[in-house]
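Copied over from TrEMBL:
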type     : residues : note
DOMAIN   : 19-277   : domain 'NADH:quinone oxidoreductase/Mrp antiporter transmembrane'
TRANSMEM : 12-32    : transmembrane segment
TRANSMEM : 53-71    : transmembrane segment
TRANSMEM : 103-125  : transmembrane segment
TRANSMEM : 131-156  : transmembrane segment
TRANSMEM : 192-209  : transmembrane segment
TRANSMEM : 230-247  : transmembrane segment
TRANSMEM : 267-288  : transmembrane segment
TRANSMEM : 309-331  : transmembrane segment
Amino acid sequence: MLFINLLVSSTLFSISAITWFSAWIGLEMNLLSMLPLMKTKNSNLAAEASIKYFIIQAMASATLLFSIILFSNLNLFNFLNSPSLTSVMVNLTLILKMGAAPLHFWLPEVVSGLGWGPIFTLLTWQKIAPMILLSYSMKMILFMSIIIILSSLVSGIQGLNQTCLRKIMAYSSINHMSWMMCALMGSFNLWFYYFVIYSITNLNILLMLNKFRLFHFNQFSKMFAYNKKLKGFFMLNFISLGGLPPFSGFLPKWMTINLIIGMNYQILGLILTSLTLLSLFFYCRLMFSSLTLNTSESLTLAQINKLSIFFFLSNLFTLSMLPLCFIIAWFY
């Protein structure tokens, strides 16, 4: 509980900082609070993942501190809007910290050694501080457009041949980061709305994967052996995560496309929408695998009934958010 409180407070400290040095201190506190949460008992893979995470984040923090020292006036954020060497270094450092392309190489490797709980924290909460700090440079349109396109392209291509569910969720996070950065270019409120919808949908999926100890494709029938409702909820959440209508994950992407078209970035919207089809393909492959794969391993009926009510309520909450989404879109 101590480290969770420190994790939350350090993120809030970073995003409310008025100088880059205080933002850097908040990011360091965030790193130190995340490391104990990643380590699980008697797990060498988790220990290896936490060491990798520490090395990458320490390199990024050192580069960020060096960039801050290069810039003498620490109480101004405006230097990020000019295409200088210092602004590019700071932006690349923040991109490395949150795991967006082309500096995403560490994220799937770290995620593949963690449990589903730390994975959820790493893929959602740990993106908040770097992404909000990155929002101060959103006037560098060409730079941000390249990062957005690369994140969508790389996540779609590298996610196609994956059978490890943890790596698939990591590449899915990279793809959604491209959409969130695109939303952040025009509206902070839209970014926050997208982030909340993504986090809740991601939470539902990871809760099911965690309860049934699923890590690979060939384990799906263990989850779906006796209960078709769980299979349906799982597939609907992945459809929502992929952004297909009429589910709640569709509306943030639709609003983002409308926003960037209104900002006269039609080419960026077209490229981003086209590349998202790649990630949608491995979402569909994941759903079809849950229907076709069979193994002898399965849960007992008693285990399923004990968990069905919880999953029904949590998934119903997510999938029934569509009317609320349209109300928000109307006022937006």
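Using the three backbone atoms N, Cα and C, a Cβ is placed for every residue, glycine included.
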With CB pairs under 8 Å as the measure, which of the listed stretches 12-32, 53-71, 131-156, 192-209 comes out on top against the transmembrane segment (267-288)? 131-156
Intrachain residues whose Cβ lies under 8 Å of the transmembrane segment (103-125), provided they are six or more past its termini: 7-8, 11, 34, 37-38, 40, 43, 45-46, 48-49, 52-53, 56, 92, 95-96, 151, 154-155, 158, 164, 166-167, 169-171, 173-174, 195, 198-199, 202-203, 206-207, 209-210
